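Annotated disulfide bond per Swiss-Prot: C71-C97, C178-C202, C212-C289, C233-C272, C261-C284, C306-C384, C327-C366, C392-C470, C413-C453, C441-C465, C520-C536, C645-C661 (among others), in sequence order. Per Swiss-Prot, the feature domain 'PAN' maps to 38-124; the stated evidence is sequence analysis. Here Swiss-Prot flags 129-207 as domain 'Kringle 1', drawing on sequence analysis. Sequence annotations record features per position, and here Swiss-Prot assigns domain 'Kringle 2' to 212-289. The annotation domain 'Kringle 4' is assigned in Swiss-Prot to 392-470 on the grounds of sequence analysis. Residues annotated as domain 'Peptidase S1' in Swiss-Prot: 496-724. The N-linked glycosylation site feature in Swiss-Prot is assigned to N295, N403, N569, N656. Sequence annotations record features per position, and here Swiss-Prot assigns pyrrolidone carboxylic acid to Q33 based on similarity to another entry. Residues annotated as signal peptide in Swiss-Prot: 1-32.
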Amino acid sequence: MMWGTKLLPVLLLQHVLLHLLLLHVAIPYAEGQKKRRNTLHEFKKSAKTTLTKEDPLLKIKTKKVNSADECANRCIRNRGFTFTCKAFVFDKSRKRCYWYPFNSMSSGVKKGFGHEFDLYENKDYIRNCIIGKGGSYKGTVSITKSGIKCQPWNSMIPHEHSFLPSSYRGKDLQENYCRNPRGEEGGPWCFTSNPEVRYEVCDIPQCSEVECMTCNGESYRGPMDHTESGKTCQRWDQQTPHRHKFLPERYPDKGFDDNYCRNPDGKPRPWCYTLDPDTPWEYCAIKTCAHSAVNETDVPMETTECIQGQGEGYRGTSNTIWNGIPCQRWDSQYPHKHDITPENFKCKDLRENYCRNPDGAESPWCFTTDPNIRVGYCSQIPKCDVSSGQDCYRGNGKNYMGNLSKTRSGLTCSMWDKNMEDLHRHIFWEPDASKLNKNYCRNPDDDAHGPWCYTGNPLIPWDYCPISRCEGDTTPTIVNLDHPVISCAKTKQLRVVNGIPTQTTVGWMVSLKYRNKHICGGSLIKESWVLTARQCFPARNKDLKDYEAWLGIHDVHERGEEKRKQILNISQLVYGPEGSDLVLLKLARPAILDNFVSTIDLPSYGCTIPEKTTCSIYGWGYTGLINADGLLRVAHLYIMGNEKCSQHHQGKVTLNESELCAGAEKIGSGPCEGDYGGPLICEQHKMRMVLGVIVPGRGCAIPNRPGIFVRVAYYAKWIHKVILTYKL
């Protein structure tokens, strides 16, 4: 009986061990994948930096590797008793990694510059805050909350204990630093050097509280790297598990350091992509500052009568969009549901139904009271006056000699002398080098849309500068179409109302879809480029991963068209010149031209089309029917001159050289929501061309109200310049 009593625990232990072994064997593949996932997100990166040590006894390990990711994985595994990796340097040119048991905060260690080196430091060892219970904290705080110095972990004086470094490997019980080896409530703690106080917690703040946020957190640059549900953030310079466009080199002013929470696109608060493949992104839990003290450079200038910059500081009472349609109240969900509410954007002054720019769009805007037009810009609000000095330009700015050296997207201009080879590629004359000073905005190629400059960003090789025309120097009105014309031929959804179904020969027509839902039309002008309206992408920092370009389809609902359709991702947006309402979409890969997919020609620059020329618009938009069939439709319009167009609009419209007017041949036909971005196609000398782009109008196909389109011929040189220079 005694023998059986002794044997029972042994048998029980064997049973438990066998059960654990079976569990180990049955670990799913997904968990194994998780263990092998990239660990670079656990490190803080310092570009072009290396470490030098004064103590020759400090060991360094080195090995040739393929990438910084491999360096990180090996560093995390190097947590032995004699060597614990706290940082590494990756030599990009030699593909070599150097692992260090110290970091930049260690005594006798200095940072140094190295063009080919990138320093990565394990954030657990350098952060001055904790996440959750602080079980991963490995910082150097060694004072308790009440100010008592901590007792070393390997000492038994004045308090005996069992928390020995050898018993808690991996918990970094070094020196007398505060730790939480068991992950207990209260956070990191230590035994104290006071015989009367055995142990006490340390005063280490939560990472969510180290830096508070003001407004919606657009200027937040704190160290929070977990979402509000506890998911670890994905690094901004990584594309796995989620592909995105917010690359640090593309947006140098957005603070895309490592994997910290940020708000680059006007969301209600900071967020990040997550390492969970099933959760693309989540918000982060960051406290709001008690006082709205914020860097003055981050605060837009408040105006009430005009727009400064992109109008983020506009606080006036204009409450209609550019064509007179009243705005929907921000606190209303009718007729359009949305999340840009006064509660979510408390500091954006979303009062009443006034035009505002809460999300960093191109200018103030609002949801409209028209159920068929979701969003409209308030472009009738004038720009604030610019001075008549060197910070404005006349004509097309070819004689501008100011000192501005930043693009409209905030990128610093690149030196002209480093870009002369690229400049010679798209102009046919020798530029005046005396005007190309340093990296100042200039117009050496006689661009019709103003000064510009090259950038150091390969994704945005060049862009226009935020300089306005001088006061009194306005865009000229379009010529009367009765005069001789230059030949165009070379040797929210808007919908076509009451159009007739088209044939399948319009292979240049593109359906732009967001999460599989049609939102806009577009025109395939080159195998890799689509021309559409910027209203389809109102925020400059729009994430493109949920957008697709569908080509070769006649039925937007995809019925019976699986064989001929092509579905392509969008890799880049290129916004048109200021006020153009155009955007070019770079496709992730070129379209394959066949019987169902083709390109449409562009008109010659500056050409005009004769009045009364019959043209056509195409779209999948609103048809006036409750159960729309989803078929591509066409409506025929005729070109209308400036004077007649103005009469139909009760004298409220005066066309300029960037606009085109066309009226319906059939009463009640015209563009409506769902057709935004689609083309106005005209034929001249047996050549079909995209002469106009559909942009929001006043209502849908209103009788005797001709539509106003973006005149593509006015922007033809810009389109060709982008296609020639945007290579990535």
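Cβ coordinates are placed from backbone N, Cα and C, and glycine is handled just like the others.
Once Cβ contacts within 10 Å are tallied over all protein chains shown, the disulfide-bonded residues C71, C366, C453, C520, C645 are led by C520. Of C71, C306, C392, C536, N656, all annotated as recorded positions, the residue with the shortest Cα distance to C366 (disulfide bond) is C536.
Residue pair C384 (disulfide bond) / C661 (disulfide bond) shows a Cα separation of 28 Å. In this structure the C-alpha atoms belonging to C441 (disulfide bond) and C453 (disulfide bond) are separated by 5 Å. DSSP assigns C453 (disulfide bond) to a strand. Annotated pair C306 (disulfide bond) and C272 (disulfide bond), C-alpha to C-alpha distance, rounded: 34 Å. Averaged across the domain 'Kringle 1' (129-207), pLDDT in this predicted model comes to 92. In three-state terms derived from DSSP, C327 (disulfide bond) belongs to an extended strand segment. For C536 (disulfide bond), the number of other Cβ atoms no farther than 10 Å from its own Cβ, over all displayed protein chains, is 24. In three-state terms derived from DSSP, C536 (disulfide bond) belongs to a helical segment. Residue counts for the domain 'Kringle 1' (129-207) under DSSP (helix as H, G, I; strand as E, B; rest coil) come to 1 helix, 15 strand, 63 coil. Across the structure, C465 (disulfide bond) and C327 (disulfide bond) place their CA atoms 31 angstrom apart. Taking DSSP states H, G and I as helix and E and B as strand, the domain 'Kringle 2' (212-289) has 0 helix, 13 strand, 65 coil. Using C178 (disulfide bond) as the reference Cα, a 10 A cut-off selects none from the disulfide-bonded residues C212, C327, C453, C645.
Here the CA atom of N403 (N-linked glycosylation site) lies 11 Å from the CA atom of C413 (disulfide bond).
The shortest Cα-Cα distance between C645 (disulfide bond) and any of the recorded positions C71, C97, N403 is the one to N403. Sequence-distant neighbours of C327 (disulfide bond) (same chain, 6+ apart, CB under 8 A from its CB) are N319, T320, I321, N353, Y354, C355, C366, F367, T368, T369, G376, C378.
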